């Protein structure tokens, strides 16, 4: 993928790195270079490119203080230790050789989770088994599932019921945080504008919510008590994700930048720049990096935090509205041109592209594709889900080594599917529905119910095997 080096602001002081103005030799962010090598005015020799990279590296080393170098090397050493530790299976656990565990996949020696062919095990969902949770008066905009799959947190465009906590088993609403008027956030608990994104830490301790009023609120997930407010973005906060296994939080905004926060210490870390339009989505896993969807700048970007660099990917023709990582090597994105793209993080173009994934609609006498408003991936498997306002959620299979997208089934759901999440165990899928798109009011589906739908995903009956009880 094309490489560019983002400008960074650390500790409130902006520093321009050597590569920020001059693009990397293979095509960079903000210069019009494509992912993995855009068109150049004249050919460059390999030796010239190598000398420039070495010069840039020397300039960076001069800027790095001894304390920064020690911190960077310490982080690298700890990450290597973590990956080495994760690559060893737990005593007494694990499936027989050659048979990956479906719910708790073993880690390969490289530290990346094994790929599980879960699509072969899941049965077509029964529409009659879908459970509907009602409570929001306006369209649901975002939701997350707790790591233990016991609770769902949701938010909407409501002026009063801003954030809800639901119990999955009973469907009961356990907690409601009321909102208020703009400018009163310091005097009451909730948000005073639409919440656009949510994230929960992998230990289930912290919940983060971002709104149109540029604020990020941190909550105690167990008690729904607000702990802190992060300020700093200059426009709506549109994407949030905790780095897996840590309390490091990434945020994306319509102000076109990505920020890094330390939630445990209520601290701002740094800011990254590169997108040329509003950022509409963000996701991350255990590596110290995140991926973002850049709206109408037509790019998906991978931000490498320690290396202070970014990779740029091109493939969609419209605004890229949603993105999620499947595993440490692959991701999926959706756009308003109706396409769903499957990416490898080492390739500049999509590995697979499904055009008009949800079909065509007749809008004011014009034929156009249904927008892809939500994507979800069951982590470390081959099972994907996409949503639009086409009256169905679609399940997909990643086949041929993530080089092909195959549609599996349609699940009938009426309304805008503004958020999709698989449970960690893969036994249910949750959809946040609304009469309107989470970011605007281009259409209104009057017959839709503003609700949360829990879709059970049953496994096929398998022959008895010596595998562990929690495997499928």
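A Cβ is built for glycine as well, from the same backbone N, Cα and C atoms used for every other residue.
Here is what TrEMBL records for this protein:
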type: REGION; residues: 1-69; note: region 'Disordered'
type: COMPBIAS; residues: 1-12; note: compositional bias 'Basic residues'
type: COMPBIAS; residues: 27-39; note: compositional bias 'Gly residues'
type: REGION; residues: 85-108; note: region 'Disordered'
type: COMPBIAS; residues: 88-107; note: compositional bias 'Low complexity'
type: REPEAT; residues: 133-161; note: repeat 'WD'
type: REPEAT; residues: 188-229; note: repeat 'WD'
type: REPEAT; residues: 230-271; note: repeat 'WD'
type: REPEAT; residues: 272-313; note: repeat 'WD'
type: REPEAT; residues: 313-353; note: repeat 'WD'
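For the repeat 'WD' (188-229), the DSSP-based tally of helix, strand and coil residues reads 0 helix, 22 strand, 20 coil. The DSSP breakdown of the repeat 'WD' (313-353) into helical (H, G, I), extended (E, B) and coil residues amounts to 0 helix, 21 strand, 20 coil.
When the repeat 'WD' (230-271) is classified with DSSP, helix, strand and coil residues number 0 helix, 24 strand, 18 coil.
Counting residues per DSSP class in helix, strand and coil order gives 0 helix, 15 strand, 14 coil for the repeat 'WD' (133-161). Model confidence over the repeat 'WD' (230-271) is summarised by a mean pLDDT of 96.
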